[in-house]
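Trainee: Take a look at this one; I'll ask things after.
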Amino acid sequence: MLIKAAPRWFFMACFFVIKGHVMLMKTCTPSSVLLVCLGNICRSPTAEEVFRQQAAIAGLSIKVDSAGTSDWHVGHTPDERSQRHAKSHGYKINKLIARQVSADDFRNFDLILAMDAQNLADLQAIKDSLADTEDHLAKLALFSEEDPTYGGDDVPDPYKGDSDDFEEVIERIESSAQAWIESWKAC
C-alpha cells in the first residue's frame with residue numbers, strides 16, 4: 001500500500017491525554033487559508049470562492065478569505081470581468097470586497113497562498129518583519145505549488161488581458177484549489 005507523505009508546506013500537531021498517556025494526532029489540513037494577489041479584484045477573490053466551494057464539497061471545514069498586497073482597490077468589488085467569468089462557472093464573487101493584507105492575517109491564518117512569485121516575495125517580507133515578535137505565523141506557499149498540472153507556476157494576472165486570460169485564470173484556480181484539497185484529504 002502506497003502512503004502519501006504530508007505536504008511539505010504544513011504540519012500541525014495536536015496532543016491528547018487519554019488515561020495518563022500522551023498521544024500525538026497529526027493533521028495537515030489547515031483551519032484557515034488566505035488567498036492573496038496584487039489588488040484583490042481578479043485572482044484572489046475568484047480563488048476564495050472556488051476554494052470555499054471545493055472545501056465544502058470535500059467536507060472540509062476551512063475558513064477562507066482573500067486579500068491583496070497593494071491598497072489600490074480596497075473597498076471595491078471584484079473586477080466586472082472576473083465576476084462574469086466566475087459566474088459562468090457557478091461562482092458568485094460580486095459581494096466580495098477588496099482589502100489589503102495585514103499583519104493580523106499572519107497571526108489569524110494557518111496558510112497564506114500567493115498567486116505569483118512577486119506576491120509571495122511581498123508576503124515573505126511582511127512575515128520576516130513580524131518574525132522577531134511572533135510565535136505563530138502563517139505558512140506561505142504559491143497557490144499552484146501542489147498542482148501537478150501547473151506545479152509552482154504563477155497564476156497570471158488577467159487585469160490587462162482579454163476574456164481568454166480571465167478564462168485561463170479560472171481554469172488554473174480550479175485545478176490548483178482541487179490539488180490542495182486532494183492533498184489534505186490524502187493526509
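Note that Cβ sites are derived from N, Cα and C of the backbone, with glycine treated the same way.
Annotations in TrEMBL come from automatic prediction, not curation.
The annotation domain 'Phosphotyrosine protein phosphatase I' is assigned in TrEMBL to 31-183. According to TrEMBL, the feature active site, nucleophile maps to Cys37. Among the features that TrEMBL reports, active site is placed at Arg43. Taken from TrEMBL, the feature active site, proton donor applies to Asp157.
Give me the structural setting of these features: burial, nearby parts and distances.
Mentor: In the three-state DSSP assignment, the secondary structure recorded for Cys37 (active site, nucleophile) is strand. Counting only residues at least six positions away in the same chain, the Cβ atoms of Arg43, Ser44, Ala47, Ser66, Gly68, Thr69, Ala114, Met115, Asp116, Asn119, Val155, Asp157 sit under 8 Å from the Cβ of Cys37 (active site, nucleophile).
In three-state terms derived from DSSP, Arg43 (active site) belongs to a helical segment.
In three-state terms derived from DSSP, Asp157 (active site, proton donor) belongs to neither a helical nor a strand segment and is classed as coil.
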Trainee: How many neighbouring Cβ atoms, not counting its own, are there within 10 Å of the Cβ of Asp157 (active site, proton donor)?
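Mentor: So the Cβ neighbour count for Asp157 (active site, proton donor) comes to 18.
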